[in-house]
């Protein structure tokens, strides 16, 4: 069969455009593009052979040359994709159409051509059976006529020679008719079985393609789940790092709590020291009052003992000594008050620091 039909013998009856694919011969699962772009796909009718073909040419390359038989089936696998198996080419063709309407028109035309091919096959089979019957009848008549023209003799001789030959030819004719009927029934049976096998093969091919699509879908789902799992793992690692930071913060807070308790204890000790210093500070006015009373007594003694110079001198010496001691005592008291004021300021700053530390915590 020539790939490019001679227009004197074959004529296009339907033409459309589609993307052509063929099944991968090694895997029988994946589709391999047969054309880089949409090409013309046409139905051709051969009037001399009474046959139909689907032909598509991409430039100088023939990518489809499929003779349609009554056993073929065109299957729609999606809204814009269809396929059929060609046992003669030992492949499966797939067509991708721009729209669902074009796919529907192509499928309808495929069914029409399939029915026409079936009618053509039935007519040719009837012609074969008729011609075989005619040939048997002509074969049966030819020997008798030849024999009648070639045999010369009496009627008894003709009867004696013609009877067994006709019986033999009749029996042979009956055997041929039985064999032809059996052959026809066997051919129909084999065609039915072949059609069943092809339909089963088409269903298996479709199921295989669906399984491949399902496998791809589950692969994508697995990849998505794996990616989500990786994200969850990274999130868990981040949460673990945050938990570690929280534990470290808890440890720091515990250390600060212990430090705060130590500072509170020190503050209590400082308050006790301050209370003792306050008690000691209460004695100072008594000493001052005593000093004043001593001064008054000295003044009275000076007035009373003016006459007694020695006593006065002695008393003056004592007064000088007492004044000196009083001066030293005042100096010590002043120093003590200064130290007390410093301690009070330090204690006040320390209390403010404790208050600020409690607020920060």
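Here the Cβ of each residue, glycine as well, is placed from N, Cα and C on the backbone.
In TrEMBL, the annotation region 'Disordered' applies to 119-171, one of the ranges 13-65, 66-118, 119-171.
Per DSSP, the secondary structure of the domain 'WH1' (5-117) breaks down as 18 helix, 54 strand, 41 coil.
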